[in-house]
Amino acid sequence: MCHPARVRGTNVRPPPLPPSRLGPSASRLTKRTRWETGRNVISGGTVSDQISDQSQRARIGIVGGSGLYRLFDDAPDAVELDILTPYGPTSSPVTIGTMAGKRVAFLTRHGRDHSVAPHLINYRANVWALASLGVRAVLSSSAVGSISSEHAPGALIVPDQIIDRTHGRRDTFFDEGEVQHLPFAEPFDPALRAIANSTLEAIGETFAPTATAVIIQGPRFSSRAEAEWFRSAGGHIVNMTLYPEVALAAELGMGALNLSFATDSDIDEGDGAEGEGLSADLVFVRLREAQPRIIAAIESIIAALPDDYEPPRPIAADAVARVLARPVSS
Ligand SMILES: CSC[C@H]1O[C@H](OP(=O)(O)O)[C@H](O)[C@@H]1O
Ligand SMILES: Nc1ncnc2[nH]cnc12
């Protein structure tokens with residue numbers, strides 16, 4: 001069994017949005033493979049066992065969605081980990097840096113160059129990698145389309161419910177060896193959502209404190225009839241990635257919180273972004289414009305997270321431990 005990681009000093013840059021789509025992609029380290037370029041190379045044991053240096057541990061994780069591809073790149077205290085998982089490669093290396101005085105682990109779900117389509121993201125690898133570092137609260141960012149006038153383009157949104165319309169995604173860690181049935185009435189941790197909402201209020205953000213997110217398979221957008229159907233089913237926003245990420249985080253005992261940004265509307269709300277006007281390029285442009293707001297909101301929420309935060313534990317700790325002890329694939 002090995003859970004090796006490469007740790008190297010990183011350059012930390014302010015989080016840029018891609019000029020169009022950006023960046024490099026994930027790399028790997030196995031127990032047998034020490035990378036020539038890395039500093040502080042460590043291997044053997046579990047990932048968290050290897051990390052004796054507290055600066056390389058994190059209790060908070062950020063999963064960057066569309067538009068959020070890098071954090072901490074130029075920070076002198078940042079480290080970058082290539083984490084081998086039982087499920088194959090993560091979408092990007094994990095960067096651990098300091099935000100609001102706290103150590104935070106970051107990865108970006110589409111890869112740094114946005115080369116991983118929503119239905120092909122290795123959600124299990126990404127989530128397992130964060131859990132293996134000891135992360136307890138995962139804050140993810142998402143771009144979403146609006147199908148509700150209360151969640152109009154330009155708003156930040158803290159979703160509280162999801163409707164899964166994806167198919168074929170590996171959405172559990174408990175499909176081999178043992179079966180566990182995740183309680184999922186509250187996909188997001190209500191305690192984390194309360195913190196996020198009071199923080200967004202305090203910083204004067206325009207935001208919606210609740211929303212039902214419909215998760216479509218992608219990578220295509222919805223037809224007008226689908227969008228109307230989602231709305232009639234109670235949906236407020238549409239996205240392609242919140243599921244199974246949030247369920248997998250819950251399975252491994254991490255509290256989930258999502259900060260969505262409505263980039264467009266799938267219903268004709270008169271903003272010019274519906275139907276023929278909607279494109280990935282439009283989403284990226286609007287994300288770029290909103291990036292300072294999104295980062296500021298994330299930082300404020302992380303500042304407000306209590307150091308003694310304890311996530312809900314819907315799955316027994318020994319079952320979670322068995323998943324985290326699974327041998328990695330090389
Ligand atoms: C870039 S348009 C569609 C793309 O944007 C959203 O990404 P994410 O959820 O990672 O912020 C949406 O889910 C699609 O993956
Ligand atoms: N309209 C939309 N549908 C699905 N995912 C999105 N991400 C951003 N806008 C979206």
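Quick reminder: no glycine exception, Cβ is built from N, Cα and C everywhere.
Looking at 1-30, 151-180, the range annotated in TrEMBL as region 'Disordered' turns out to be 1-30.
The recorded positions under consideration are ALA143, MET240, ALA280. Their Cβ neighbour counts within 10 Å are lowest for ALA280. Annotation for ARG109 (phosphate binding site): spatial neighbours VAL63, GLY64, GLY65, SER91, VAL116, ILE121, TYR123, ASN126, SER140, THR241, GLU245, criterion Cβ-Cβ under 8 Å with sequence separation of six or more.
MET240 (substrate binding site) is 11 Å away from HIS110 (phosphate binding site) when you measure Cα to Cα.
Compute the center of the Cβ atoms of SER66, ARG109, HIS110, SER142, ALA143, THR241, which mark the site for phosphate; besides them, the chain residues with Cβ within 8 Å of that center are GLY64, GLY65, GLY67, LEU68, PRO118, SER141, ASN239, MET240.
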